[in-house]
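Structure first, then comments.
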């Protein structure tokens, strides 16, 4: 027996065999609370027999634990009768390898004597008999264990029993399971019966795996061993085997098959994908399994509709495996199960957890004292990181000048010396911290101070001169030079060194005058002046001998080329896009033609003289290719001007009729400014805010000459810039503004400027067409198509001819004694005066007016039958036919105040709208004032229409373009300033105002009265060019107008500039190369000598640019900056137009910083320099002005559309139909009754004839009013 007071727990050493069953006897936990029991038995399994206990069964009858051993086992504890406790850290079956080197089974509450238990000595207790016999033989311990049952063995010691007396019997099968067939959802039974002693336990095996009866509620095992499977499914099919097991052994049946058949069934999910959190860079699987018949096909999609990344997203039989997860994987994934019975889908979210990563890393900065500095710092991650800043390892100063913006940017206002030091940006999230350090250096401010002032100087004609100007300051000042208020730019004429020295090449009389050296830094600017005198050298010049022959040759060449061009353009149907464009833009006015012809002859004469001189090498070119001022003496220069026609075609305006000019505008814009009557007039040179940048300082476009440009890089072909930067097949709609925003811009542009094109599309030298040759031979200036461009297969270049030059500088002086840089001619009046409705010359206005009766009306065309309102009249002069190339049909062109009215249908519709508005106003004025003659009605209506255009532009359109920042820069109207020249700036017309091209949709929408598509459909833009007959044949102007104010504009995105309709299909015809609007814009800028982008930045007080990274404030997209670098090599080469378009939009505007600068400059001049500006006191009465401020484009649409009944209040703003639309009756109108003459003398005379004493009392007052008027 084991002593109860033993201080040492006795050990029983046992040896285990494979699948040996051991039984330990303990008190029945149902009847014993273990009082007084304090003895523990410890059993240690020999190390050679370690095996894992894989089953622990408590037998309440004998109070015995049954421990089945089958694998290696370390130390585990069995604490008492309640079952296993603390077995290998409480996970006996799940974590067997966590046990130590020996197995110890501790049985709590062991009794002092085993024979106190009523033992049933059957087969289940044979192990105890063998155990007792073994210990008895070894003499290790003695224990009493006496059988109580069965009766035949009662009273006998368990150690004395033989094996046979335990009556053990191995299991034997008495009934084996049979094969079955089952359909989906039914119940099936497998029967298995066995006998043995003790009674065998039935265990079922499916496809060689034990069935888990606890986890699958569909399975049930009856007491007789029958297995029931309910709601069968496809996974249940296969082999089933019954195993009978007792302590004497085990036996298995033969396999029985369950055959599964499934009727057609739509898919259903067995496993649906679950939301999953995953760390960036790791892998994960979204599980998804489905059943159905036929077996469904499982596919995956992104919840956003994006395609899967097949390189990382791998669909498997069990789900979707995502490799190397990125932030782009964050979001929904949808599992689709499909068969011919139907489909189901289930969605789960991948929640990507990403440590912080910087997207914008702050950079060291040097700022001047008192300035604001911003350190940009942005980071991404999931969860989104928080941006925190420290200074020198500590908190930021608390005085309120340091602010961390919501974007993560650190702003330091009014930087002082004590703010200098190291700052650290920290991106903090639960997944980590990312840090970036920057250094702030604060420099004391210092205004520019001249160290060498420019001095008055003189230079001989044809010579070069250097004019020094040196300055110092902090930051280092930038030096620019001005002449007559115009900034000088780098060209073949001028050069400004880094130190500020101005060099003037080939000095001429035009270079004489006052020069201003301007030194500016962020703290201010200082200026210094000098006067340059150009001294003419008496005697003959090298080119004088060639003047006569050269001018005769030039006359013959230019006239021959012009006549050839006119025959080609107007005697046959246009065959190419270039023919189409040249035909419609060819000037009609004889005076315009003669002015442009004179300029071409003058310039070509000088070119011929230079060629003669070069051949004889009688002039020193000093290594430069071109010199003109010492080419011909002043006398012969004036002779060339006379013989070419330049002198004869200088306009001398007559402003003597002050009764007219005080009240009305001249048709050609002259006499608006009475001190400078040619300012803003038609057929005058464009204005400059920067001196032109020609390769030779005279007329040669940048990049054409032999000299290397800045940095040694040549200019890229405009076509290459277009394909790399401008062309886009992607269109982002502007959710704020309508397409009318673009159309008003084009309509307004056609009121302001139209460059006179070359009169010849053939080379002056030999008469060959510019469309068939690819040489820069005047006037040809072809756009070269790169070898890699698919367009190059058809032709090596694209048609382009230069704009016509104006004689000299366009000045009115009759003496021409110097060579001036080439300037271009504006055919139109500069003012916003509705010249696109009325024309820009007296001749044009007379053609447009209806003189059949004195009602002041414009000529009308066909009546649009549904509305009874007239269309524009047809053109009587060339070109008379507009061709729709895809049909080969011919139709007449419409006639309007601008010759470009037929270019595209929406523009034609706008012209129709406004010519009707004139006639509507004139008709109403006539009814109010029947005594007015036709001229008065015409001019009063014209004055009102022009005022409406001004009001709509400045009150409704410009605020959308410039936003609040730009309107503040524009400032409120302060009155007419006669010192402001309202002329159109060349760079504005040639580059800035062409920003509207980026707003053009590739589709011209045509909408019916419920804003649905008309039966004829919408039009691709290239089918709307030069096809006015579509208005007559396809619904009139209303569908086009609704398509403008009912559809969103295209948003200018720096990476989405011009639609392919404009870069690949412009004016396309069947068998020729279409034009490219972006390439044309760039080439036209070079043709006009527009300086590079960086020069305009200086004019606009933007930061100086040394490298492409200096552009990051205005062009944040690094990919665009990289494209500019690849194309241009150096910032100093960048063409103006593409850079303007690539600038990021200022928030709340539709322009970038440089474009804003030019818009404000030009629109200030147009307003402040216009004596007839509608708000200028005296132009209209206060009552009339009040009514004019009611004007809106919405009202004009309602009054002059064919049947427009509903519009939004502001047709530039995108609105939802019908809830945001108003009835036309709700749109305010201009009340023209305030233009009624109430007090004419003849009315007074009539009233006197019938006057009574009572109504004569107020007559003296009435007379006074008449006299005062």
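Glycine too: its Cβ is placed from the backbone N, Cα and C atoms.
Some features that TrEMBL has for this protein:
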type	residues	note
BINDING	997	heme b binding site
DOMAIN	171-259	domain 'Ig-like'
DOMAIN	267-351	domain 'Ig-like'
DOMAIN	356-441	domain 'Ig-like'
DOMAIN	448-533	domain 'Ig-like'
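For the domain 'Ig-like' (267-351), the model's pLDDT averages out at 90. Cβ-based neighbour count (10 Å, all protein chains) for the residue listed as 'heme b binding site' stands at 24. The domain 'Ig-like' (267-351): residue composition by secondary structure is 3 helix, 51 strand, 31 coil, according to DSSP. Broken down with DSSP, the domain 'Ig-like' (448-533) shows 3 helix, 50 strand, 33 coil. Look at the domain 'Ig-like' (171-259): DSSP puts its residues at 3 helix, 48 strand, 38 coil.
Remark: secondary structure over the domain 'Ig-like' (356-441) totals 3 helix, 49 strand, 34 coil, with classes taken from DSSP.
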